[in-house]
Amino acid sequence: IIEMASGSAALSVVAVAMAAALLALCGSTEAHTQFGAYNKTCPQAEDIVFKEMTAVVAKSPGLAGSLLRLFSVDCFVGGCEGSILLDSTTNNTAEKDSPLNKGLRGYDVIDSIKAKLEAACPGVVSCADVLALAARDSVRITKGPYIPVPTGREDGNRSSAADVTPNTPKPDASITGLITFFGKFNLTAKDLAVLSGAHTIGKAHCSAFSTRLYNFTASNNISDPTLDANYTATLRGQCAAGDLATLVDLDPNSGTTFDLGYYRGVAASMGLLSTDGALLLNEDTRAYVTCQANATAPAEFFADFAASFINMSKIGVLSHHKGQIRRHCSAVNPLSASSQAPVTMGAHAAVLLASSFVSIVALALVL
Ligand code: HEM
C-alpha cells in the first residue's frame, strides 16, 4: 500500500511537471523572433538576401526605397506577416490591389529572392522575413545603418483590401492623428519622427502631394503656405497640374542616400508630403527634426532608426505555427503542400522538452 501511495504521489508530481512543461511550450501566446533565427536551418539566408538586394539596387537604385516602404506597409496592415505580397484571387481582393497601394513597387524582387532561398533551403525562410531583410538591406546599401533585425516570422494567410484604408495614415493626417496612428502599434512619437526619416530615400508620385501645389484651398492655384515658396515652384515644374504619375524625390537634398538630408529638408519647410511637414507641428517631433537637421553626423539618427525599425518589425508577428512558410510569396500554400512552419526549436523549448523526457523516465522508474 505504501509503495502504491508513494507511486501515485510521484505520478501526480510527474504529471504536474509534464503538464506545466507542455503548457509553457504550447500555451505561450507571445510571438517569438530572434536575431539569426535561420543560423542553423539556413545559414546562408541573410547573405543570399543581401547579395540579391545589392545587385538589384545597383541596377535600379530606386528600388531601395520601394522595398523599404513595402515592408512598412506590410507591418501596418495586419502585421509583419507578408500579407502585402499575396495576389488577389477570384474570391478575394488582396491588400496589394487596394487603390491606396497601387504605387507600391518591388514585389518581383521579393519573388526572385524567395526563389533563390527556396533553391537553397526549401520551405524554411518566410516571405515576411524576406521582406524584413530586404528592407533592412535597402537601408544598409544606401549608406544607412546595418540593422540587426530579428527573424523567425511566419507568413499569414489573410490579405484583404478592406483592411488597408483603416490602417494607412491619410495623406493629410494631422500630427495628432499620426501620433495616435503609431500609438495603435505601440510606436511612440519618437518612433514616428525617426521612421519618417525613411523618406530620406525613395520617391513619391505627384498625386501624393499635388493638392499642396495647386488646389490647397477651394480657390484654384493656391499652394500650401507651409511649403517653402522656391521649393513649391520647383515642384510645380516637376508636377504639372493634373500630372499624377511623375515621381519626385522625397528628400530634396539627397534622394538615393540614407542620410540627414530628409530632416534638413523638413526643417527648411521642404518636407514633400503634408505628413512630413506635420512633424514640425508637435513639440517632440519638431525637436527631433531640428536636432537631426543640425547634427554634423548621422550616428544618432542611425542608432535611433535601427531601434525604431526593430520596433516596427515586431508588429503583429506570427510564430508558433500560427502562420506558415509560404513556398511562393504571392500565394498561400496549396492544401496538399506542407503548410506548417518547420519546427525551429529554441533553447527554451528544448529545455522544456528535455524536462518532460526526464519526467517520463522518472515515471517509468517509479512504476
Ligand atoms: C508617417 C507615416 C507615413 C506616411 C503618411 C507615409 C506616406 C508615404 C507616401 C504617400 C509615399 C509616396 C508613395 C507614392 O506616391 O508612391 C511614401 C513613400 C515612401 N515611404 Fe512612407 N509614409 C509613412 C511612413 C513610412 C515609414 C514608417 C517608412 C519605412 C520605415 C516609410 C518609407 C517610405 C519610403 C522609403 C518611400 C519611398 C517609396 C518608393 O520610392 O517607392 N514611410 N510614404
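One-based numbering along the chain as shown.
Including glycine, each Cβ sits where the backbone N, Cα and C put it.
TrEMBL records a disulfide bond between CYS206 and CYS239, which is the match among CYS127, CYS239.
Here the candidates are CYS121, CYS127, and TrEMBL names CYS127 as the disulfide partner of CYS329. Site annotation (TrEMBL): Ca(2+) 2 is bound by THR200, ASP259, and the candidate from ASP191, ASP251 recorded at this site is ASP251. Disulfide connectivity taken from TrEMBL links CYS42 to one of CYS80, CYS121, namely CYS121. For CYS75, the cysteine that TrEMBL lists as its disulphide partner among CYS26, CYS80 is CYS80. In this structure, the binding-site residues ASP74, GLU95, ASP251, ASP259 were compared by how many other Cβ atoms lie within 10 Å of their Cβ, and the smallest count belongs to ASP259.
Shown in sequence order, GLY197, HIS199, ILE201, ASN253, SER254, GLY255, THR257, PHE258, LEU260, GLY261, TYR262, TYR263, GLY265 are the same-chain residues outside THR200, ASP251, ASP259 whose Cβ sits within 8 Å of the Cβ centre of the Ca(2+) 2 site. Among the recorded positions ARG69, SER83, GLU95, ASP251, the residues whose Cβ lies under 6 Å from any atom of ligand 1 are, in sequence order, ARG69. Ranked by how many other Cβ atoms sit within 10 Å of their Cβ, the recorded positions ARG69, HIS199 place ARG69 at the bottom.
Excluding the listed site residues ASP74, VAL77, GLY79, SER83, GLU95, the same chain places VAL73, CYS75, PHE76, GLY78, CYS80, GLU81, GLY82, ILE84, GLY156, SER159, ASP163, ASN167 with Cβ atoms within 8 Å of the centre of the Ca(2+) 1 site Cβ atoms. For the binding-site residues GLY79, PRO169, the ranking by surrounding Cβ atoms (within 10 Å, all protein chains) places GLY79 first. Cα of ARG69 (site 'Transition state stabilizer') to Cα of HIS199 (heme b binding site): a span of 9 Å.
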